[in-house]
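Note sheet for the following structure.
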Amino acid sequence: MEAIASISTVIGLFESAWKVKRLWDDFNEAPRVFQNIVTECERVQTLLKTLEAHIKDNLEVFQKDTSATQKHTMAMLQTVLENLTTAFEDTQAEIAKVTKKDRFDRMKFMWRKESSFQPLLDVMRKERDSVTMDRHLLIKVHENTRKSIDTVRRENQVTDPLPRKTKSSKTDQELKRELLVILEDDNADGLAQLLEEGASAECILNSRQDRPLHYVARKGNIKALQVLLQHRVSVNEPNENNATPLIAALDNHQVETSLALLAAEADPHARTRKGSTTLHYAAWGNLLQPLERLLAVNAEVNARDSEGKTPLHMAVQPVKNGKSISLNSKVLEALLRHGADPTLGLETTGLTPLHILAEAGKSSDLERLAKKARTLDVFLASSHDLPGATPLLLAAYHGNHISVQKLLECGADPNARSPYASTFPMALFAALDQRKYGSMKKLLEKGADPDCRLDQEFDAMTPLHHAAKIGDIKALECLLKYKASIDILDKWENTPLVKAVLADQAEAAELLVKSGADLEIPSSSYQNDTVLGRATEAGSLRMVHLLCRNGANQRGPKSKAYPSSPFLRAVCRGHLHCAIYLLAMDGGDVNQEGEGKWRPLHYASAHGQTEVVRWLLGMGADRTARSVKGETAESLARLNRCPDDLIALLTSSTT
């Protein structure tokens with residue numbers, strides 16, 4: 001028959017399409033569109049074979065059918081034939097572009113634009129729709145024709161009715177192919193007929209071990225699902241991942257099919273191999289109706305999967321089609337109303353739903369959870385990037401100051417301390433480090449200790465030490481406003497001012513000085529030295545000038561540093577500019593005597609500071625002066641094996 005011959009011709013086209021499939025198999029790096037093309041090829045081929053089988057099985061009806069129906073079918077097949085032929089020819093041309101001497105050029109193929117192959121995919125999908133629509137039309141026309149013929153036979157008392165289709169002689173594979181097409185189309189009548197012909201409602205359809213009920217539940221095909229339920233299929237049969245049809249429906253955000261399965265007494269406590277429950281999936285997809293139905297039948301609200309996630313974890317990070325979606329506050333409220341615990345954390349990191357919302361800055365939803373939490377001082381595990389962080393610390397770290405406020409209002413401890421050694425043991429340090437001043441202010445307003453300390457291994461610094469060290473003026477002003485101790489000492493007895501000076505943070509140092517920082521506090525851990533001595537030691541003329549201008553005493557508390565005078569220390573270290581400045585501030589005597597009657601020239605010579613020696617001699621330093629032990633500048637230079645040019649300066653009769 002002409003129609004069957006036409007179908008066979010179209011089906012034959014797919015032999016050339018397998019070149020595309022082989023190409024995909026050979027090159028996993030091929031454009032992803034190739035896999036879609038192969039899938040569409042298989043679907044269209046299956047549809048055409050189904051159409052061919054339908055015509056063969058209803059040959060007598062088809063012959064008695066109207067010529068218009070036959071003409072329509074033939075026209076459709078001719079169009080499909082022409083379009084597919086052109087599409088396959090275009091594809092062969094594209095394949096030829098990446099072929100050299102009958103071998104595929106791997107690199108060209110890998111980088112071929114997907115748009116080059118997209119037209120074929122579009123044609124395949126269009127023709128699939130055409131065949132599907134025509135197949136449905138043909139089945140409907142044939143059914144009407146059969147009814148008309150039966151009516152005529154009954155009226156004329158004809159006893160040899162048209163032969164009805166009996167149990168199919170098709171192979172299981174053929175039945176399965178037809179079953180997939182019918183399930184895809186949500187064709188309830190076709191499904192019922194195919195099941196009567198012998199197709200199994202419990203057969204395995206794919207490598208995931210999905211059965212028909214999984215397939216239609218996942219697709220949301222409610223009509224086909226109802227037919228399967230009428231055939232009393234098992235509603236709790238698991239697939240390879242131990243997912244039931246209900247889980248498949250929930251995982252794909254199919255509300256209608258999931259509710260139908262629950263009505264059919266699907267197990268609300270089912271779990272996948274990874275321990276995810278039906279409630280996990282309902283919460284993850286923001287599916288309020290199924291979630292409420294599950295809670296009504298006592299689904300375990302705090303069930304934990306293999307990672308320790310609860311349904312509440314899933315609800316605060318909802319996803320659809322691989323993309324994050326907005327939270328549904330009603331889902332959160334339903335879970336909390338049934339006893340969801342927001343303080344339960346993941347097995348490895350301890351991350352709770354509270355932490356997730358605090359980090360994301362979702363303050364309204366965070367407040368809902370915080371009001372139901374047993375405690376808000378829950379700590380992340382040591383394996384986390386911020387070990388021991390509380391939800392409050394995370395909110396402060398990310399600058400979510402409204403979340404900080406909500407947590408504090410709900411009872412979070414602003415001084416909760418991490419049980420692990422950390423650069424951020426408390427929320428105030430986290431806000432300070434990230435320069436989140438709004439969060440700092442909220443914490444200090446609610447009682448955060450401005451003099452809290454880092455652990456000993458981090459020098460027991462306070463926030464004021466840290467702010468001074470990094471020169472954070474806004475943080476310094478905020479901390480001083482809330483009564484941070486300006487002269488507090490760290491592990492090494494450094495004040496915040498010393499930290500600013502050693503880090504050369506002039507603006508921070510000036511702010512501390514103007515705010516009343518003591519310039520004369522000696523550091524017992526650093527030879528009883530003052531901040532001016534430390535600035536000189538570092539060679540920072542800017543800081544030396546700042547401190548002297550604000551009244552630092554060059555002859556202050558007796559220092560154990562050697563030498564004790566800041567001026568002499570500048571000489572020893574070779575900090576010429578500091579030495580010049582300090583000498584001017586001290587009265588300008590280059591021959592002043594220190595311990596053991598050592599003079600500046602003795603110190604500079606003993607330490608090999610050639611430029612300082614040159615300057616001192618130019619200022620009138622006495623090269624012949626002797627110490628208590630009779631040492632001269634020259635003898636000290638020779639003793640310490642100083643450079644020849646320095647010794648030459650000391651032995652020269654002129655400078």
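The backbone N, Cα and C atoms fix where each Cβ goes, glycine too.
Range with TrEMBL annotation coiled coil, chosen from 74-101, 270-297, 382-409, 578-605, is 74-101.
Residues of the same chain lying 6 or more positions beyond the ends of the repeat 'ANK' (274-306) and with a Cβ under 8 Å from any Cβ of it are 241, 244, 246-247, 250-251, 253, 255, 258-259, 262, 267-268, 312, 314-315, 317-320, 325-328, 330-331, 334-335, 338-341, 344. Packing against the repeat 'ANK' (492-524) from elsewhere in the chain are residues 459, 461-462, 464-465, 467-473, 476-477, 480, 486, 530-532, 534-535, 538, 540, 542-543, 546-547, 550-553, 556-557, 559: each is 6 or more residues past its ends and has a CB under 8 Å from a CB in it.
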